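Database features, via Swiss-Prot:
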ACT_SITE  CYS74  active site, nucleophile
ACT_SITE  HIS162  active site
ACT_SITE  GLU164  active site
DOMAIN    3-183  domain 'Glutamine amidotransferase type-1'
Amino acid sequence: MTHILVVDNHGQFTHLEHRLLRDMDGVTVDLTDNTTPPADIDADGLVLSGGPTMADIGHCREYLTLDVPILGVCLGHQLIADELGGRIEAGDYGGYADVTVSISDADDPLVGSLAPDTRVWASHADEVVAVPDGFTITAESDICGVEAMGDTDRDLYGVQWHPEVAHTEEGEAVFENFVAICE
C-alpha cells in the first residue's frame with residue numbers, strides 16, 4: 001500500500017483531496033495539520049493542500065526538504081515555487097473559474113496523461129509567475145502562465161487548479177499519477 005499524507009493548509013477543499021485519495025485502491029491516506037513537526041512525517045508522498053494565505057503554512061517549507069515526492073495544490077503549488085526560488089504575484093484574474101488548461105509537456109508524469117488539454121476548476125488570487133531552477137512549466141492557460149510545474153529529478157510537482165473538485169474533468173487522474181510517482 002502506498003501511504004499518502006495530505007497536509008492541511010486550511011483550504012476549502014482539503015477534505016476532498018483526502019476523500020479522493022482514500023477511495024483509491026492500494027492507497028492509505030491520512031490528513032495532518034501543517035504544524036506537524038517534519039520529524040513526525042512518515043509517508044510515501046505528501047500533498048500540500050490549498051489554503052487562504054502564505055502566512056499560515058506551518059512547517060510546509062520544511063517539508064520540502066524531506067526525501068518524498070510532493071504535490072502542491074493551489075497554495076501548495078505557490079509555496080513550492082516561493083520557497084525554491086520561483087516567484088508568485090497577484091494574478092490578473094481572481095476568484096472561481098472553469099478554465100481550459102493546455103498541457104505543454106505530454107511526457108510529464110503528473111499531468112502529461114491529460115494532454116493535449118483539460119478543463120479544470122480554479123480558485124485563486126495569486127499565481128506562480130516564474131518557476132524555480134530545475135522546474136519545467138507543464139501546463140498553462142489563458143489566465144495563468146504556470147498552471148502546473150514539475151521537477152522530475154526531485155519529484156516535486158504543483159498544480160494551480162483544484163484537481164480534487166468535481167468540476168475538474170480529469171482531477172482523479174492527477175492524483176492517480178501522483179500515487180504512481182510515489183510507488
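Cβ atoms are placed via backbone N, Cα and C, with glycine included.
Since the structure is predicted, the reported quantities are computational estimates derived from the model, not experimental observations.
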Original post:
If you run the three-state DSSP split on HIS162 (active site), which class comes out?
Top reply: coil
Subject >> Cβ neighbour count within 10 Å of CYS74 (active site, nucleophile) >> reply: 27
Subject >> DSSP state at CYS74 (active site, nucleophile), helix/strand/coil >> reply: coil
Subject >> Mean of the pLDDT scores, which run from 0 to 100, over the domain 'Glutamine amidotransferase type-1' (3-183) >> reply: 92
